[in-house]
Structure formats: structure tokens, C-alpha cells
Amino acid sequence: NKLLHKHFPSSASSTLLNLVYRRGWRRSFCRCLFFFLIGLLFGITPFGQMDTDIRPKDFASPDLRPPHVHLQSDDPIFSYVALGVNTQLEQHNEVTDSIEPLKQLIVVTPTYNRGFQVYFLNRLGQVLRLVKPPLVWIVVEEKTVSLETAQILRKTGVMYRHVVSTRNSSDVKDRGVHQRNAALEHIERHKLDGIVFFADDDNVYTLELFESLRTISRFGTWPVAMLEQSKNKAIVEGPVCNASRVIGWHTNEKSKRLRRFHVDMSGFAFSSTILWDPKRWGRPFSNPIRQLDTVKEGFQETTFIEQVVEDESQMEGIPPGCSKVMNWHLHLDTGNVVYPKGWLLEKNLEVILPIK
């Protein structure tokens, strides 16, 4: 005790002595020693074989390349995919090459001031705006261009050309003769390429007719339903066809049987190149193709067609079989209807039924 007090302070030595001489310290020490020896024994005991051979390759970065796959030419899946892709590409190229631009339609309409003019032009214009382009509407007036007609043409949304015929039509039974000739001269001068169709504004047309015009190569014709002047009977005038070949004509009027071709003015169409490229069609003469103002009434159509084709072998009946009526000629009489200037009434109408 004297020795411990000599090397340690009194308070620290007393605490250490109390721990040493505390009862039960040997028991705790033995327990700790026992568990230490057991853990050491488990740690050095080999339970399996371990690869302790550490080589430099174990620390190398992993190879991230995809595994190599050996493709054989006779692999059915690979051959089928390659064949399918090539076939689709070839079919797509064939479809792309087979698409041709639509032929331009050149619709010629003579018009003049009368009571139903605004109705007729609006009706025809609304039909033409539904036809797929390209389409140009040549509207021909007499003497001067009217502001009312120009306003209607602008509102239709159809590409148009407003032409004036300076010839006097008062001495001609068909007043549209000089107007159509003015349109033909315009087409010939500007070399418009397309299918020419004379569409009078008082007739009724279907969209199917305008789409069928694009199938014409030289000259096409079709039957037209006509309402007689007496309005008590309807007749059909036009070709009789075997497929697209013209083999005869429909006609119910004895006075017109002397005509060569029994066609209504809105019952045929032709390629515009016939007007300004006669060599292409082998025409022996190069005289301008025009409607004649010296022929009798009812013979205007046949004398014009005789300048375009030689016979029925150069015609195409549309649609195949010529079994559909696609336009109607109604012969509406509007001579007694008052035509207000600018289509506006200068004064109010008289009241028939007053508002209660």
C-alpha cells in the first residue's frame, strides 16, 4: 500500500484499488476470456475452400461489348425480315412512280344579264369549288365586264378568268356562239393545256361528271337528260356505247336526225391541245376551230365536233357503257323576270301579309 501511494495520487489509487478488490471481478474476467477464445476458434477454423489467388486481371474493367452473334444466310427469321423490308420499299416506289398529276379542267361558261343570272352562276360556282384542282373557269360576258358578275366569281373561290366577247350576238339565234369562240381564242392564244368543257350556267351538273372528264385523252361524250321546251317530256340525247366505244346515238326528235352527231352542247369535252397543236393529233389543216354562226339552230354542236374528230372511232364514251346521266339541260325560261341593276331593288316591295 505504501508503494501504490508513492506512485499514484491518493484519489486515483483508491479508485483503482476498489475496482481490483471489488467482489466478483474474477468471474467477469473469466467470462470475457471464454467468449474471446470461442470467437478466435471460429475465426481460424476453415469451413470451405476459398480462391485466394488474386491476379491483376481481377482488377481489370469489365468488357461491356455485346456478345458476338453468328448470323447464317439460311436463318429463316433474318431472311424473312430482309425480304419483307425490300418488298415494301419496292411497292412504295412503284406506287410513287404511278401517281400522275391530275389533268386541268377548262370550264367555259357564257353568261349574260337576266333575272336568274346570279342564281345560275352561284350554283355552278359552288359545284366547281368542290372539284379537285387544277381547274380554271373561263366566264365570258358580252361587250363589257359587269361588276356584279366579277363579284360573284371572286366569292366562289374558284380560279377563274373573266373574258369579254366584243362581237354582236343580237343577230345570232345561239347568243353563246361568239362568247364560246372568245374563250376558244383565249385558250389558243395562251396555250392552256387541259380538257375543255362547255358548261352553260343554266344546266345542272354532278361532281362525277367533272371527275370523269379527266379520263378523256382526245374527245369524250356522254348522254344528257333534256327537258323539252313544252316541259311535258324529258328525253335523253347522246351516245350509245359498248364499253367506251361509241356505236350509235340517242335522239327523239325527227328534225334533228339529219345531224351527223347527236350531242348536246354540254354533252362532250375535248383536249385543248387540238386547238393550238394540230400536228400532235395529225390534223391535215391548221384553221382555227370555232363555232359557226351561220348554221341552223340545233346544228351548232355537230358542225363544231366535225372540226375536232373525223368519226366515232376517235371518241370515248364516258362513263364506260354511257349508262349514267351526269348532267341535265332544263331549258328554264327567265325572259319575263325583271333583272334589277346590281341585283338590288330600288324600292321596297308592297306588303302582302303585314306583321301582327
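Heads up, the Cβ atoms here are built off N, Cα and C, so glycines get one too.
Here's what TrEMBL has on this protein:
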| type | residues | note |
| --- | --- | --- |
| TRANSMEM | 29-48 | transmembrane segment |
| BINDING | Asp202 | Mn(2+) binding site |
| SITE | Glu237 | site 'Interaction with galactose moiety of substrate glycoprotein' |
| ACT_SITE | Glu301 | active site, proton donor/acceptor |
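Positions of the features from TrEMBL, shown on the structure.
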residue : record                                                             : Cβ neighbours (10 Å)
Asp202  : Mn(2+) binding site                                                : 21
Glu237  : site 'Interaction with galactose moiety of substrate glycoprotein' : 20
Glu301  : active site, proton donor/acceptor                                 : 24
Alpha-carbon distance [Glu237 (site 'Interaction with galactose moiety of substrate glycoprotein'); the residue listed as 'Mn(2+) binding site'] in Å: 17
Integer Å distance between the CA atoms belonging to Glu301 (active site, proton donor/acceptor) and Glu237 (site 'Interaction with galactose moiety of substrate glycoprotein'): 12
